[in-house]
2 protein chains.
Amino acid sequence: MTSQAWKEFPPPLSDEQLEILVANIKDWQLTHGSLLKLVSSDEDSTVLAQPVGACLFPTLFPRQLFEQALDLQKTYDKLYARVAEDEEWLYSTLKGLIETYDLARVLWGIHQEVEREGYVQDVVLGIFRSDYMLDANTESVSTSEEILLKQVEFNTISCAGGVHSNLVADMHRRLQRSGAYLPSDPNLETINISSSSLPPSHTLSTLTTGLVAAHNLYGPPKSPNANQTCILFIVQPRNFNIADERPIEYALWDQDIPAYRVIFAEEVLAHTSLSPGRELLYHPPSRAGPMEVSVVYFRAAFEADEFDDNGRKARLLLERSRAIKCPSILSHLTTFKKVQQALALPGGLRRFLTEDEAVRIASTFAPIYPMDESEIGMAARKLALSSISSKSYILKPSLEGGGHNIYGEDIPRFLSRTPKNKWSNYILMEKITSPAIHNLSMSPRGFYRGPVVSELGIFGICLWKRDENTEGRVEITQDLNPCWSFKTKSASVNEMSVVKGYGCFDSPALVDQSIFSACCLGTVKAVEHSGRRSL
Amino acid sequence: MTSQAWKEFPPPLSDEQLEILVANIKDWQLTHGSLLKLVSSDEDSTVLAQPVGACLFPTLFPRQLFEQALDLQKTYDKLYARVAEDEEWLYSTLKGLIETYDLARVLWGIHQEVEREGYVQDVVLGIFRSDYMLDANTESVSTSEEILLKQVEFNTISCAGGVHSNLVADMHRRLQRSGAYLPSDPNLETINISSSSLPPSHTLSTLTTGLVAAHNLYGPPKSPNANQTCILFIVQPRNFNIADERPIEYALWDQDIPAYRVIFAEEVLAHTSLSPGRELLYHPPSRAGPMEVSVVYFRAAFEADEFDDNGRKARLLLERSRAIKCPSILSHLTTFKKVQQALALPGGLRRFLTEDEAVRIASTFAPIYPMDESEIGMAARKLALSSISSKSYILKPSLEGGGHNIYGEDIPRFLSRTPKNKWSNYILMEKITSPAIHNLSMSPRGFYRGPVVSELGIFGICLWKRDENTEGRVEITQDLNPCWSFKTKSASVNEMSVVKGYGCFDSPALVDQSIFSACCLGTVKAVEHSGRRSL
């Protein structure tokens with residue numbers, strides 16, 4: 001069975017089955033907000049939206065590695081909370097960036113300014129997302145032991161995709177229940193995707209629970225001017241991705257917690273102020289009296305171009321306030337890839353974790369090097385400049401989240417155009433050789449049928465309390481059970497960008513590693529050159 | 001206060017408040033499926049959708065009349081169940097139509113054919129909607145007693161708008177809670193719309209409960225070939241309005257009841273069959289074995305052009321089956337306006353209801369006349385042909401649901417172009433003089449601010465069992481508490497068509513009649529000539 005198993009999931013469908021499946025998916029997405037807003041159509045009285053890219057079937061994924069990623073998350077949460085509270089280590093790691101990159105300098109400057117005045121809020125809410133891909137680390141995958149989980153990046157601000165993934169996972173589970181994934185020919189031996197193969201997603205409720213926990217910890221309003229607390233979502237203007245944010249706001253209202261969107265930076269400056277006790281007061285345009293802000297949840301303020309004068313002012317005002325930030329400035333700074341790379345240096349993790357914890361975390365690190373003038377950095381530069389060895393690497397700017405990466409043989413040319421004193425603002429990461437699996441997807445760009453690779457994001461949601469005396473060893477006070485997101489793209493595309501139509505939201509169909517190995521072998525050999533084609 | 005009360009609801013908003021309200025509404029609609037599908041954009045891999053027209057604020061409505069409409073519904077349910085089972089009365093009422101209108105003839109023919117063979121299912125599920133407008137019946141409304149509830153029509157097949165209304169009502173309630181309806185100036189005396197002014201809508205759950213009740217009454221599969229039962233939604237192809245149908249299907253799945261959409265008539269013929277015991281078997285394209293259909297829920301098969309040869313065959317097959325129909329053919333036939341008109345004749349109701357019930361029902365009838373050659377009909381023809389008196393009337397075809405009406409002074413010209421032997425296929429109804437209220441709405445056509453009138457639809461959901469011995473006096477065996485829909489349009493537009501952008505989904509803000517009267521007086525006098533204009 002194994003030799004042809006890859007052909008059997010997704011099972012072959014008749015044209016009519018496929019047509020019905022596609023109609024069912026589009027209608028489900030339209031009626032559940034699994035959409036992207038077409039911002040350019042956002043006229044006064046109407047707006048257009050269309051379904052976000054989605055896989056037609058869940059994508060096979062090894063159950064053991066899915067569970068490994070979930071199991072690791074609380075250790076990751078502790079690690080990044082500790083990194084955020086270890087100012088000394090963080091500064092020495094980011095020093096080079098702070099000196100040469102505007103965004104790092106601005107953020108660090110805000111931290112310093114608040115520190116001089118004294119922080120009035122010790123509690124931090126972390127909503128993290130650790131992204132993984134599967135790594136076969138070899139051209140052929142013949143046994144399950146050869147597939148490992150490798151971390152792509154760790155995000156600590158504005159972690160997106162949780163609601164979208166929740167929705168697509170719900171959809172796949174519903175489609176499975178309705179029999180949509182059964183083959184037209186009942187005699188076909190196929191991989192049985194039962195409901196227990198499809199893990200339920202609790203991402204929306206978990207994100208909400210985290211915000212509620214922080215809100216409750218904040219307690220009643222402290223300012224005499226406010227008689228109610230609320231949560232602020234700091235958001236970007238003209239946002240096409242409201243479907244990933246609004247449901248969290250609505251879920252808070254369902255728990256009687258007022259939640260408001262405030263656009264960064266203009267509306268922050270126009271509608272918030274600090275009380276004498278540095279409570280953050282929100283003055284909703286629709287109400288007379290101010291409300292006191294318990295939690296500031298950033299879904300904006302992470303891109304360099306958001307930090308003009310107003311951006312800096314707004315971020316400073318929020319950081320100075322008593323509201324619990326998600327994330328704090330220091331926690332935001334840990335998202336830079338320079339931190340990921342520094343933790344991957346030999347012994348890098350032992351400052352924060354026990355030996356056992358460090359080993360388990362390090363097992364998910366792909367080889368990742370600095371591009372500075374250290375010994376390792378100089379070796380990395382050599383790898384990056386060679387037209388042959390560079391093929392196995394990705395050059396990533398240390399600052400931003402996803403995107404802006406330079407892949408493989410583009411690296412030498414890119415470095416030749418970049419001033420040498422900026423090279424250390426990049427890190428060099430070995431490409432992950434992800435085993436490909438067969439699937440079908442659809443997006444506004446069209447249909448795709450062929451080999452795909454997936455990215456698993458594990459959300460860690462935790463609260464900790466800053467304490468001068470435990471620098472580098474801060475303890476998490478509340479850590480929710482992790483939840484996940486899942487994205488899938490054509491194996492032939494480098495970037496996992498759902499927005500650009502290269503990637504799709506998806507959910508994993510958990511199988512034994514032996515079944516997974518059998519399927520990806522087949523897939524790689526059979527269809528890796530088929531590329532995009534219409535259904 | 002009363003003299004300026006109309007100005008105060010909706011309360012005056014600043015430009016910024018209005019902008020935020022509009023953004024909140026659009027995002028809420030996008031994330032909750034309060035949308036219309038742009039069918040023309042339904043390409044293979046994507047589709048566009050946009051928010052369905054909605055009022056920015058709930059519209060004032062007299063609480064007492066809202067409650068009156070709800071209170072009447074179970075009597076209406078009984079009335080229409082009895083009409084459906086009174087074959088003799090129904091035939092004599094529709095005889096003229098059956099002889100001259102294809103759709104009536106086809107439907108009656110199907111009934112006769114099944115009757116000859118013998119019906120195998122006695123239970124009928126009714127999902128009715130009785131539509132009302134407010135009638136001031138005078139140019140000025142100075143006291144509350146002068147405003148009455150008048151029935152526009154009674155629908156017994158494919159009653160739509162329930163889910164849309166449920167969504168917009170949910171949205172209005174959420175906006176109210178978030179303070180979006182408070183005036184920018186807190187010192188303004190305004191009509192306080194509290195959450196208790198906004199009745200919650202239970203339409204989606206009630207429709208679902210009705211289908212579940214019928215499904216449970218049907219019981220386990222009777223055919224040895226099927227091991228599971230399911231509900232079929234009979235739907236139209238290329239349907240832009242899936243957002244009003246799909247949520248019911250999903251709610252059934254949430255109760256572990258399989259529900260499938262089958263397009264009328266082609267998919268009915270391709271995927272259903274009758275067992276020897278006349279169980280209706282559904283052969284889903286995605287499964288091998290057939291399922292037995294417990295309930296057939298029509299959201300199609302009510303327009304004349306759906307009844308070509310295949311349409312007739314498909315409808316006959318469904319009617320012959322053991323599945324519980326919503327509606328049965330006879331119950332479908334009661335939706336013709338000819339029935340509404342016949343019931344409004346002096347004594348028309350007493351065949352079906354007690355004197356007390358008849359009085360209460362008749363109080364909601366607007367003057368409505370036949371256009372046949374009876375004495376009343378000849379008087380009605382005279383009214384309709386006069387260029388002066390016709391202004392107060394609407395000429396409605398007896399067959400279809402909404403639309404296809406001829407209004408006021410268009411009637412004489414229309415009749416002059418219509419062969420006299422077809423006149424009796426119309427009924428003449430006195431125009432309802434609805435008091436106008438101030439509101440704002442938005443739709444893909446633009447913004448509207450000015451006088452509006454609303455239409456209240458009361459859904460009645462009931463089960464009854466046909467019994468030869470109780471003809472005309474059949475008893476309802478299960479009657480759910482009624483739920484409602486609510487639509488609002490510019491006072492200057494005749495037709496309440498949300499699809500064409502003239503009307504919007506809405507919810508009522510229930511107030512005392514005295515407040516309502518004060519507000520509508522103001523509105524009519526102040527802005528009735530302002531017409532459409534952009535915000």
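Using N, Cα and C of the backbone, Cβ positions are placed for all residues, glycine too.
Caution: TrEMBL annotation is automatic and unverified by curators.
Here is what TrEMBL records for this protein:
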- A:229-333: domain 'Glutathione synthase substrate-binding' (DOMAIN)
- A:LYS337, A:396-405, A:TYR407, A:429-432, A:GLU455, A:LYS489, A:GLU495: ATP binding site (BINDING)
- A:GLU400: Mg(2+) binding site (BINDING)
Neighbour count check, CB within 10 A, over binding-site residues A:LYS337, A:HIS404; minimum at A:HIS404
Under 8 Å by Cβ from A:ILE432 (ATP binding site), counting only residues of that chain that are 6 or more apart: A:MET133, A:LEU134, A:ASP135, A:LYS150, A:VAL152, A:ALA366
The sparsest Cβ environment within 10 Å, among the binding-site residues A:SER398, A:MET429, is found at A:SER398
Secondary structure tally of the domain 'Glutathione synthase substrate-binding' (A:229-333) (DSSP, helix then strand then coil): 38 helix, 30 strand, 37 coil
